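In what follows, a single structure is set out as structure tokens and then discussed.
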Amino acid sequence: LRVQNKKLYLAAFAAVLGPLSFGFVLGYSSPVIPELRKIDDPKLRLDGSQASWFGSVVTLGAAAGGILGGYIVDKVGRKLSLMLCSVPFVFGYIVIISAQNVWMLYFGRLSTGLATGITSLVAPVYISEVSHPKVRGMLGSCVQLMVVTGILGAYVAGITLKWRWLAVLCSFPPCIMLLFMSFMPETPRFLLNQSKRSEAIAALCFLRGPHADHAWECGQIEASVQEEGLNLSEFKNPSIYRPLLIGVALMFFQQATGINAVMFYAETIFEDANFKDSRMASVVVGSIQVCFTALAAIIIDKTGRKVLLYVSGVIMALSTALFGLYFKIILPDGNNSSNPDVWFTLNSASPGAESSISWLAVVSLGLFVAGFALGWGPVPWLVISEIFPLKAKGISSGACVLTNWIMAFLITKEFNDFIGFLTSYGTFWLFSAFCCLSVIFTAFYVPETKGQTLEQIETYFRRP
């Protein structure tokens with residue numbers, strides 16, 4: 001049985017241009033916010049609060065995109081959903097390029113955020129359904145790899161390009177995705193669910209090559225496909241609600257580990273460690289993410305999903321605990337809760353204290369980013385694309401994506417309040433506790449899906 005076929009990789013590449021596009025969306029704000037805070041035009045100049053909204057409004061758009069994506073992925077299919085994503089991507093960048101005031105900037109970011117939410121749901125589903133079990137982990141991990149590649153691309157391009165030209169550059173990946181996806185097939189599982197057997201056979205011929213046993217694989221998929229729609233009463237069924245609860249919890253823990261908070265601190269920490277060029281520091285962080293996400297993609301089909309979640313959770317628990325220790329040492333007791341602003345608390349640190357142990361902050365940051373990229377970055381997205389039964393895939397994936405982006409918004413917007421309430425070191429020790437809980441949750445509730453077909457995974461959840 002020949003299952004390896006170059007066209008499968010071509011289809012996966014076309015799909016991951018979507019995650020590359022939303023990586024550029026996420027990375028866009030980092031080089032642009034400092035520029036817009038100093039711009040001469042008062043209608044476009046961002047103050048502190050506006051800069052915060054410019055960065056975080058994307059997550060609100062993405063949360064809405066998660067809801068919309070859960071609906072359209074089952075109605076119009078995986079392929080067309082990905083192609084439609086390019087419209088709000090490009091439209092959002094056109095609004096930003098032509099922006100005359102801050103509200104146009106917000107609206108453009110909201111539009112690209114909407115596309116981001118849809119893409120973050122649809123791309124993993126498409127890749128998991130076209131892939132063979134032996135390479136599904138690697139190809140699924142490429143979703144997160146392309147996200148961090150997009151973020152790094154925006155960081156690097158932002159060093160030389162002004163904000164309008166950077167928006168022009170960011171609009172290219174979704175256009176290329178639209179072009180490539182127009183030549184790719186719909187997923188066989190979706191086609192069989194629509195009773196289009198001949199089209200499903202043709203799709204399998206494209207994806208597996210002409211010599212694979214297409215009829216046998218079609219029969220395997222058909223045996224698990226249930227054509228009837230999903231009723232709310234069916235969520236009482238363990239085969240529906242168990243994977244849904246696991247998926248939602250994975251997305252909760254991915255954000256509760258503090259990734260957005262740590263990235264929020266990154267620029268300040270590098271400056272205190274005498275890395276004066278904060279943009280280059282961002283490139284360093286982005287490069288670490290890309291390298292370790294690539295490593296995860298290479299080894300995930302050998303090690304399995306759970307092993308990477310264990311290793312990742314332990315590394316992040318250790319690094320966030322070290323972060324807390326760093327702030328406990330450098331901040332005098334009286335200043336920890338007097339002002340929740342990050343820069344204020346660091347500037348009020350004991351003179352010379354931060355420079356003598358700045359290596360601790362830099363090591364903690366590097367460890368955390370590497371740990372997240374190795375497991376809790378790519379694996380939750382891969383697992384939620386694998387564990388849902390076909391008829392519940394749209395609504396269940398939508399609930400998971402909504403959870404992820406709402407948590408991302410809350411962590412981003414409320415981080416300073418956490419510092420004011422718990423102190424800086426208390427906040428990071430809380431994140432460390434969540435990292436420990438994520439390891440325990442993985443041990444007891446997350447199934448190992450390595451090497452299994454999507455039909456075998458469905459059968460696992462049907463067991464009492």
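Cβ atoms here come from the backbone N, Cα and C positions, even for glycine.
Listed in TrEMBL for this protein:
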- 7-450: domain 'Major facilitator superfamily (MFS) profile' (DOMAIN)
- 51-73: transmembrane segment (TRANSMEM)
- 80-100: transmembrane segment (TRANSMEM)
- 106-127: transmembrane segment (TRANSMEM)
- 139-157: transmembrane segment (TRANSMEM)
- 163-184: transmembrane segment (TRANSMEM)
- 244-266: transmembrane segment (TRANSMEM)
- 278-300: transmembrane segment (TRANSMEM)
- 307-327: transmembrane segment (TRANSMEM)
- 357-383: transmembrane segment (TRANSMEM)
- 395-412: transmembrane segment (TRANSMEM)
- 418-446: transmembrane segment (TRANSMEM)
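In this chain, the transmembrane segment (51-73) does not touch the transmembrane segment (278-300); fewer than three CB pairs sit within less than 8 A of each other, excluding pairs fewer than 6 residues apart. Contacts between the transmembrane segment (357-383) and the transmembrane segment (244-266): present, as 3 or more C-beta pairs lie under 8 angstroms, all at sequence separation of six or more. 80-100 is the stretch from 80-100, 106-127, 395-412 with the greatest number of Cβ pairs below 8 Å to the transmembrane segment (163-184). Remark: the transmembrane segment (307-327) contacts the transmembrane segment (244-266), by the rule of 3 or more CB pairs under 8 A. By the count of Cβ pairs under 8 Å, the stretch nearest in packing to the transmembrane segment (106-127) among 51-73, 80-100, 244-266, 395-412, 418-446 is 51-73. Same-chain neighbours of the transmembrane segment (418-446): 246, 249-250, 253, 256-258, 261-262, 305-306, 309-310, 313-314, 316-318, 320-321, 323-328, 331, 336-337, 339-340, 342, 345, 376, 383, counting only residues six or more beyond its ends whose CB sits under 8 Å from a CB of the stretch.
Confidence in the domain 'Major facilitator superfamily (MFS) profile' (7-450), given as mean pLDDT, stands at 84.
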